[in-house]
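Participant: This is the structure I have questions about; it appears just below.
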Amino acid sequence: MKSFTPDILRIKNPEALTDKICQKLKEDVFRRFRRKGGVVGISGGIDSSVTLALAARALGSERVVGVLLPEKDSSPDSKALALKLADKYGVQTVEENISDALSGFGCYTRRDEAVKRIVPEYNPATDKMKIVIPKELLEQNLPPVFYVTVIFQDGSEISRRLSPDAYLQIVAASNFKQRSRMAMLYYHAEARYYAVIGTPNKHEVKQGFFVKFGDGGADMMPIGNLYKTQVYQLAEFLEVPREIIERTPTTDTYTAEQTQEEFFYQLPFEKMDLLWFAWENGYPADEVAKVVEMSEENVKKSFANFERKLKTTEYLRAKPLHDYDFWKP
Amino acid sequence: MEIMTIKKEEIKAFIAETSFTEMDEIKDDTMLFEEGIFDSMGLLNLIAFLEENYGIKTADTDLVEENFQNLNAIEKFVASKMQ
């Protein structure tokens with residue numbers, strides 16, 4: 001086995017890897033699924049940007065549509081960045097504001113009602129909210145316990161642990177966002193006889209940081225096997241606009257801004273990539289600890305955490321079960 | 001001592017029921033999270049169950065592995081809170 005070094009995940013030849021991904025994407029869209037092109041939901045984030053760039057390179061920019069899917073909680077920066085991206089690759093864009101659809105589903109009211117059960121002072125018209133895992137709990141080898149943080153109009157904050165029912169309701173209501181986006185992407189894909197090209201990266205797929213049949217609903221996921229640092233490396237190679245590369249990845253889900261690290265990953269990407277790779281490939285914790293500059297104990301905790309996440313998120317990755325094969329002629 | 005044994009069985013029954021795990025698969029030292037029996041929701045549900053059934057309050061500082069990792073740990077944690 002190759003010795004474990006800080007640059008073990010570095011892609012030696014980004015062009016060759018890009019060509020392989022693009023070749024397969026082309027095969028999958030045109031030959032396997034016999035679709036005429038692809039649609040990509042673009043948010044101005046790094047993953048969707050690299051996916052769009054790959055799609056344009058693989059299929060030809062005239063056969064790709066970038067769909068902007070803002071809603072009332074989206075960051076205003078997202079639109080400008082997404083448009084800049086599409087312009088860079090000569091890809092046509094469509095903007096679909098899904099706020100009305102989400103209101104129709106009761107996404108905001110159901111979410112806010114659950115938040116109010118925990119923080120009665122919360123006023124959705126003026127205050128912002130997000131779900132967090134407190135820093136003190138991150139080092140524990142326990143599944144994350146979620147808290148709701150409300151940021152009041154005057155800037156003061158309050159964080160309270162969520163009850164199981166409030167947590168489930170907030171998540172279920174918020175998931176309308178990703179599922180509505182998926183529905184709209186399929187509208188634009190089917191109206192053109194195109195495929196939906198999904199944007200999750202390897203961590204999102206394996207650690208379960210996606211919504212089943214939401215952003216997890218797509219025909220193919222070309223960056224689904226790339227670590228986050230590798231996505232950044234391809235972004236550099238594909239010349240994704242600098243502002244996108246330098247932007248901190250956020251969830252863009254709740255009204256208060258929230259980084260992905262804060263919400264889900266609990267580790268900076270560079271470390272998480274190395275740890276995940278080490279765990280997946282059976283590198284011993286003591287060897288890894290020296291490279292990632294963590295204690296051996298904490299590396300072991302991370303490994304245990306990955307194992308737990310992989311097991312508990314299997315449901316999200318599972319395809320609908322149809323092996324109910326009992327009838328025989 | 002007998003009361004604690006009953007509690008442990010009640011807790012075990014709750015874990016088994018909410019995680020769809022057979023009772024005999026949950027030993028006193030079965031690592032609930034490492035084994036994938038419980039995830040975040042399981043932990044939140046367990047906290048709610050303990051608070052409702054034993055009248056305890058779980059502080060944020062109580063949310064450590066040593067208090068929840070297995071049945072033995074949970075029993076000890078509940079006993080310490082009830083004192």
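Glycine is treated like the rest: Cβ placed from N, Cα and C.
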Participant: Write down the one residue from A:Lys177, A:Lys228, A:Lys271 that TrEMBL lists together with A:Gly41, A:Ile42, A:Ser43, A:Gly44, A:Gly45, A:Ile46, A:Asp47, A:Ser48, A:Thr199, A:Thr250 as binding ATP.
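Facilitator: ATP site check in TrEMBL: besides A:Gly41, A:Ile42, A:Ser43, A:Gly44, A:Gly45, A:Ile46, A:Asp47, A:Ser48, A:Thr199, A:Thr250, the record includes A:Lys228 out of A:Lys177, A:Lys228, A:Lys271.
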Participant: For A:Lys212 (deamido-NAD(+) binding site), list the number of other Cβ atoms lying within 10 Å of its Cβ atom.
Facilitator: 16
Participant: Looking only at the domain 'NAD/GMP synthase' (A:169-304), what is the mean pLDDT?
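Facilitator: In the predicted model, the domain 'NAD/GMP synthase' (A:169-304) has a mean pLDDT of 91.
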Participant: Could you give the maximum C-alpha to C-alpha distance in Å for the residues A:Arg179, A:Lys212, A:Asp219 that bind deamido-NAD(+) per the record?
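Facilitator: Farthest Cα pair among residues binding deamido-NAD(+): 15 Å.
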Participant: Quick one: of A:Glu204, A:Asp219, which of the binding-site residues has the smallest count of other CB atoms within 10 A?
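Facilitator: Sparsest of the binding-site residues A:Glu204, A:Asp219 by Cβ contacts within 10 Å: A:Asp219.
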